[in-house]
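Remarks on the structure that follows.
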Amino acid sequence: MAMSKLSIALLLLGTILLCSPSVKSSEVEEEASPVVVLDNTNFTEEVGKHDFIVVEFYAPWCGHCKKLAPEYEKAAQVLSKHDPPIILAKVDGSDKTNKPLTDKFNVKGFPTIKIIKSKGEVEQEYKGPRQSDGIVKYLKTQAGPASIEIKSAEDAKSLVDDKSISIVGVFPEFSGTEFDNFIALSEKLRSDYTFGHTKDAKILPHGDSSVDGPFVRLFKPFDELFSDFQEFEVDELEKFIEEASMPLVVIFDSDESNRPFILRFFRSPNVKAMFFTSFQSDKLEDYKTELHKAAVEYKSKNISFLLGDPITSQGAFQFYGLRDTWLPLFMIQDKTNRKYLGKNVEPDQISFWIKEYMDGTLTPYKKSQPIPETNDKPVKIVVGDSFSDIVYESGKNVLLEFYAPWCKHCTKLDPILEEIAIALQNENIVIAKMDATLNDVPDEFELSEFPTLYFFSADKKVKVFKGGRTVESITNFIKKHKFPPTAEPEVTTEAEAEIGKVAQPKAETVKDEL
């Protein structure tokens, strides 16, 4: 499973939002419902009957799936009466017989919902709400045209609500370059946003606008509630939508409507300013006010802001190695993954603390488990605070495993590394391991999977191991790259030995291979 440092964070964050597909549980008896049950035996046939069908990959034991189930069924009941009907289906992704389907649709967690079009020819990720009303509204827009014509105030009211982002183009005529570009972009982004178009700006919310058309109005349930834009070059329009559709301060709580913004926040290349405090705090509104001021001030500096409840955001909180005793806590993660902490921060300290970061006067924080009091087992334990001493400055050849405690392949590797460590203990070689989920990994060590093995030689050269995870393969790799290299045996004749001369090594015998 390939993963960058960012995607490791997203994976751990995903434990809050999705159930891991590797967990097992007992079967649960199915009850009659309007949701069509699919499996590997009938999937292709059933999907082939429909130009538009929605499929949920679930697991009977998954808490998130159980929470979604009644909402999904209510939506299925309503959409079965739509003209034409919209079919909602489900596949038990934990059933091994359905693995060909979970592989085909790249299911990494539960629930995963896919929209499948054109009798199986086209698929897209479901990115809508998880409440029945929201599911119904989202799927109606996905099943129809990418942008819906708005002819009346009632049409506008049904398209624009106070919980989601809607984008409306205002045009004197539904033709021309501006209109064509808007429709093309709505098709591209339809899974993320709701699009509409109209000739009458006055029927829209905030319809007293003095802006002359054509223009685009983006409605949002936060900050200034709407933003206008009059450039219709596709890239510029897409950039506007991307920027205007993000809250100045993302809220990380249990509200499902915030979920897309949380994911976009962690995927963003921006510097990330994260503030964690109890949402029951009597100072919460003061913190929100100060964070909003800072977000406005530093918006042009490519800094994204997040306010997190430490209970709901526990996955991210634990990933960064943060402690409850540090709350209220401010953390900045820069583009090189360096982190800076402000502990027990008061509202009036927020702007000052960010200024210190911008001025470069803060000291980076290193995530680390405690250094072990004893470290006398064959495979040595490395943590963030001992990394330099054991790896960089030991003067030894070090084979280091980066692992995750939940990784089964890492567990299988444990006895192999121990055997190697015992065999090579007298050869200036250290075999070590580090939990990459609880300790910061230096930037020069790129993690492509768990486990990842690196060799740091005594002459400070770094090489990644990509061979078979066997005693022989790993041992040969170590001996090939260690410093100093293993000396070639010298060969002397009896006569040369007597006169003190050293013979050159004999030429290697070449054998004919049959």
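Cβ from N, Cα, C; glycine included.
If you look up TrEMBL, you'll see 1-25 marked as signal peptide. The domain 'Thioredoxin' annotation in TrEMBL covers 14-144, 357-483. According to TrEMBL, the disulfide bond annotation covers Cys62-Cys65, Cys407-Cys410.
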Review point. How many Å separate the Cα atoms of Cys62 (disulfide bond) and Cys407 (disulfide bond)?
Key: 20
Revision key, fill the gap. With the fewest other Cβ atoms within 10 Å, the residue among the disulfide-bonded residues Cys62, Cys65, Cys407, Cys410 is Cys407
**Study point:** Pairwise CA distance, Cys65 (disulfide bond) versus Cys407 (disulfide bond), rounded so that it is a whole Å
**Key:** 24
Study note, to complete from the structure: DSSP assigns the residues of the domain 'Thioredoxin' (357-483) as 39 helix, 26 strand, 62 coil
Study note, to complete from the structure: On the domain 'Thioredoxin' (357-483), the mean of the pLDDT values is 94
